[in-house]
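Q: According to Swiss-Prot, the protein has these features:
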- His115: active site, pros-phosphohistidine intermediate (ACT_SITE)
- Lys9, Phe57, Arg85, Thr91, Arg102, Asn112: ATP binding site (BINDING)
Amino acid sequence: MEQTLSIIKPDSVGKAHIGEIIAIFEKSGLRIAAMKMVHLSVKEAEGFYVVHKERPFFQELVDFMISGPVVVMVLQGENAVDRNRELMGATNPKEAAEGSIRALFGESIGVNAVHGSDSLENAAIEVSYFFAKTEIVNSVA
């Protein structure tokens, strides 16, 4: 059973879209194996997005991710990484498929509602960044 990391970003948390987004995941068959709401520090956001450190949007991304609380989740299910990415839609909400999370709730490339792991390898890294193994409940459903 695959696991992937999902983050509901500050824009969606601030607009009270948490429940709607979780419902999309659950209706697709993904299950929540771990979840918490946190307000990232600068150090945490920089550490999480370190792969983008040399990119021109890095500081803007960090500033956005620390602008309010986020909901961090481990989603579990068959093909969890790919399913989550399909549910999220394209990074740019204007290009995201109709009905996708980013089409429904995203505003721009930078303010795009959710983050999701882009590969199984990165999912493992990202999950361990936020959760200890003891915090993850393997679902039986």
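Along the chain as shown, the residues are counted starting at 1.
Positions of Cβ are set from backbone N, Cα and C atoms, glycine also.
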Q: Tell me which residues of the chain lie with their Cβ under 8 angstroms from that of Arg85 (ATP binding site), as long as they are six or more apart in sequence?
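A: Correct list: Gly116, Asp118.
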Q: By a 10 A CB contact count over all chains shown, which of the recorded positions listed here is most packed: Lys9, His115?
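A: Top count of Cβ atoms within 10 Å goes to Lys9.
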Q: Cβ atoms within 10 Å, counted per site: which of Thr91, Asn112 has the most, among these binding-site residues?
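A: By the 10 Å Cβ neighbour count, Asn112 comes out on top.
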Q: Check the DSSP secondary structure of His115 (active site, pros-phosphohistidine intermediate), expressed as helix, strand or coil.
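A: The three-state answer is strand.
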Q: Cα of Lys9 (ATP binding site) to Cα of His115 (active site, pros-phosphohistidine intermediate): how many Å, rounded?
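A: Cα-Cα distance, Lys9 (ATP binding site) to His115 (active site, pros-phosphohistidine intermediate): 7 Å.
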